[in-house]
Every structure is written in C-alpha cells, then in structure tokens.
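> Right, I'll just put the structure down here and ask away after.
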C-alpha cells in the first residue's frame with residue numbers, strides 16, 4: 001500500500017514536471033509559430049492580409065480643415081499691424097477612399113510600384129457649415145507675386161494688373177474655392193499663358209500621388225512597405241542630394257515586431273520630406289494593445305538643433321540666419337511659391353514666428369501628430385496627422401497693397417487634421433485573428449507551466465512527508 005502511494009506521488013511529480021517542461025518548450029515554439037504566421041501575412045503580395053488592406057484601406061479617413069479668418073485686413077495693409085485671426089471649422093472631407101492604381105510587381109527586386117489616386121468628398125454632418133461659407137483669407141496670387149517675379153519692372157506691371165482686377169493682399173473666398181481652386185481675377189489679366197486657377201490644394205481631385213516603389217518584404221521582412229529610395233524619388237530632383245532621400249514607409253504600416261526604442265520613419269508628400277516619430281506611450285485601442293508614436297519637436301527644429309533640416313532653411317533673413325524654428329520652407333516643391341509648413345498654431349515654433357499673429361493658441365493634445373501602431377504586425381490602426389499651411393508675405397515697394405508692410409509675415413492660412421481609426425468590425429476581426437490567438441497561446445503556455453510547477457512541488461512535498469512518516 002505504501003509502495004503504491006509512493007509510486008502515485010512520484011508519478012504525479014513526473015507528470016507535473018512534464019507539464020512544466022512542455023509549457024517551457026511551448027513558449028519558444030509558440031513564439032516561432034506566431035513569428036512565422038505574422039511574417040507570412042504582412043508581406044505585400046496577393047492573398048495576404050497586409051496586401052488586401054494596403055491596396056485599399058478599410059479604415060475611413062477624414063481630413064478636417066480649419067480656415068484662418070482675418071479680422072483686420074485694412075489695418076494690416078495700411079499700418080503693417082499684427083494680423084488678427086479666428087479659426088473657422090472644422091470643414092470635413094473623406095479622403096483616401098480610392099484604391100491604389102497601376103500596381104506592378106517586380107519579382108527580382110521584390111518591390112511593388114503604384115500610384116495613389118486623390119479624391120475628397122465633403123461630409124456636411126461632420127462640418128460646422130457648408131462649403132459655401134465665406135471668410136476673409138490671404139490672397140494667394142498677390143502674396144506669391146513678388147517671390148515669383150522679384151524684378152522691379154515686372155512688379156510695376158503686376159501692380160497695374162492687381163489694381164485693375166481690384167485685388168488686394170486679402171480676399172473673400174468660400175471654403176470650397178480656397179481649398180480646391182478658383183479662377184483668380186488678377187492672374188486672368190496676365191497677358192501670357194499661365195494657370196489662372198489658384199487654391200491651397202489645387203489640383204487635388206482626379207490627380208494621383210506617386211509613382212512610388214516599395215519593398216514587398218518577400219525576401220527580407222524588415223524592409224516590408226519601406227519605400228525604395230532610388231525608385232521612389234518621384235519628381236524630387238529639385239532638392240539637394242541629401243534632401244531628396246525618401247526614408248521609411250507611407251506610415252500606413254511598418255515592418256513587424258516594432259520595439260519601443262525604434263524610430264519610425266515615413267514619407268509625407270504634404271511636406272515634401274521624410275520625417276520620423278518616436279515612442280510616446282502604450283495605449284489600448286478597442287481592446288488591442290498599441291504603441292503610440294509621436295512626432296517630436298525636433299522634427300521642426302532649426303538646422304542648428306537638427307542638421308537634417310538644413311535643406312529647409314533657404315531664406316536667411318526670414319529665418320534669422322536659420323536660427324528660427326518650427327516652420328519648414330517647402331517652396332522648392334511648390335513651384336517656387338513661398339509655402340511654409342508647421343504644426344498647427346505654430347506649436348513648438350520659436351516666438352518670433354508667431355509674434356506678428358494674434359489669435360493662435362498652440363495645444364499639444366489638439367495639434368500634435370501621432371501614430372498608434374500594433375507592435376506585432378506593424379500595422380497603423382489609428383493616426384492623426386496635423387499640419388498647418390503658411391504663406392510668407394514680404395514688403396514689396398512696387399506693389400501698392402504690399403508696400404506699407406514693415407515686416408515679414410509667415411501667415412497661417414489653414415490647418416488640417418487627417419485622421420483614421422480602425423472600425424469596430426475590423427477591430428473585432430483583428431482581435432480574433434491576431435491578438436486573440438496570441439493571447440490564447442500565451443495563456444496556454446502560462447497555465448501549462450504553472451500547473452506543472454504546482455503539481456511537481458505539491459507531489460514532491462507529499463512524497464517527502466510520506467517518507468518522513470514511514471521513517472518515524
């Protein structure tokens with residue numbers, strides 16, 4: 001009887017040890033299975049989850065606009081006063097709803113090329129008013145004229161056309177006109193062939209962004225979705241050699257198994273450059289653990305603070321010999337127009353940038369850019385891209401409406417918030433296919449290991465106690 005009991009205790013201990021060992025073995029095996037499955041599904045080729053969502057995003061993406069309505073246009077023109085603005089918005093459009101086109105695979109280089117069609121659909125229910133709301137805004141054509149035509153004689157001619165068309169430094173425009181284009185009366189009088197349509201985002205609808213070429217990850221998963229620097233240059237030949245480098249992805253996804261210590265690099269055609277984000281916090285998104293990566297202030301720092309930005313300091317006077325920070329001159333990719341990009345309300349900009357403007361209230365929560373990335377797959381499940389478009393306006397002695405200006409203005413014309421969040425249905429599907437399976441496997445590993453250890457310890461204690469009693 002004692003022998004049978006001892007045998008039972010030893011057998012139980014053995015079973016516990018086996019379970020513990022099996023649980024321990026299952027951990028690396030399970031991790032290998034997860035890694036193999038993820039690597040297979042994130043490759044950009046027909047039949048994978050990544051490719052399906054890459055061709056056409058299943059997430060609804062919206063772009064909100066806030067227009068800066070100028071309150072004192074006459075004072076500014078006459079006295080070079082501070083420009084008083086009030087933001088009007090949001091005016092919301094659905095964007096990125098069109099599938100990628102001209103998708104071409106190259107099996108030798110393991111790349112895929114494509115163009116991204118552009119389109120915008122107004123969403124009245126998500127807007128404060130209609131596209132016909134009218135505000136006082138900067139006159140884009142008049143503001144750009146002295147930059148594009150610095151010759152004094154030419155400016156005299158342009159001044160006569162500006163006055164004849166009854167144009168001024170500011171104008172009244174509807175939201176639709178200002179964003180997507182209108183026929184400018186001043187440009188319509190220019191006696192030689194030029195485009196007479198002006199708009200902050202003109203042209204946009206029925207155009208395409210690209211051509212881009214990205215790696216599929218078939219041969220090297222660490223390169224998946226990363227833009228091929230050499231094939232993906234598009235038409236960026238106007239930048240110096242360093243500045244035309246396109247690094248990273250399009251921010252829709254990143255190579256899998258993202259670490260908190262990583263710097264995520266991505267290209268944004270809106271600002272004509274590659275930029276980066278760093279880890280900010282762990283966030284729970286609809287039951288899915290994600291890493292929030294944020295755009296740091298250093299991304300818009302002066303070249304003295306961030307040498308990578310030397311390409312975007314082309315105006316030594318306005319930038320105070322490249323010591324000002326918070327704005328990037330992207331005029332070279334906007335046909336020479338004096339366009340500057342910043343964060344909304346000049347967030348993280350040097351005080352001199354916003355000093356001539358009244359009515360701005362920079363706020364980190366409302367005006368910062370972030371990406372919520374699921375770390376195992378590298379998929380971006382939520383994002384908020386926030387940018388401000390500004391125009392540099394300088395005094396011009398030969399143009400009446402600009403001749404009384406006594407300072408340079410970087411005038412904010414609008415800011416945008418482009419957002420996208422994984423939908424409830426897709427989030428549930430993601431939890432079942434990815435997060436749920438990983439959590440279940442992890443739970444099984446822990447249970448087997450824990451139960452095994454407990455059984456082994458319990459039976460060994462019982463065995464020792466039994467032996468002790470027999471000795472007595």
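Cβ coordinates come from backbone N, Cα and C, glycine included.
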> Which range is it, out of 413-439, 440-466, that shows up in TrEMBL as transmembrane segment?
440-466
> Looking at the disulfide-bonded residues 311, 313, 322, whose Cα is closest in space to that of residue 272 (disulfide bond)?
311
> Under 8 Å Cβ to Cβ from residue 313 (disulfide bond), same chain, six or more residues apart: give me those in sequence order, or none if nothing qualifies.
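Within the chain, residue 313 (disulfide bond) has Cβ neighbours under 8 Å at 302, 303, 319, 322, 329.
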> Cα distance, residue 333 (disulfide bond) to residue 311 (disulfide bond), nearest Å?
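That comes out at 12 Å between the alpha carbons.
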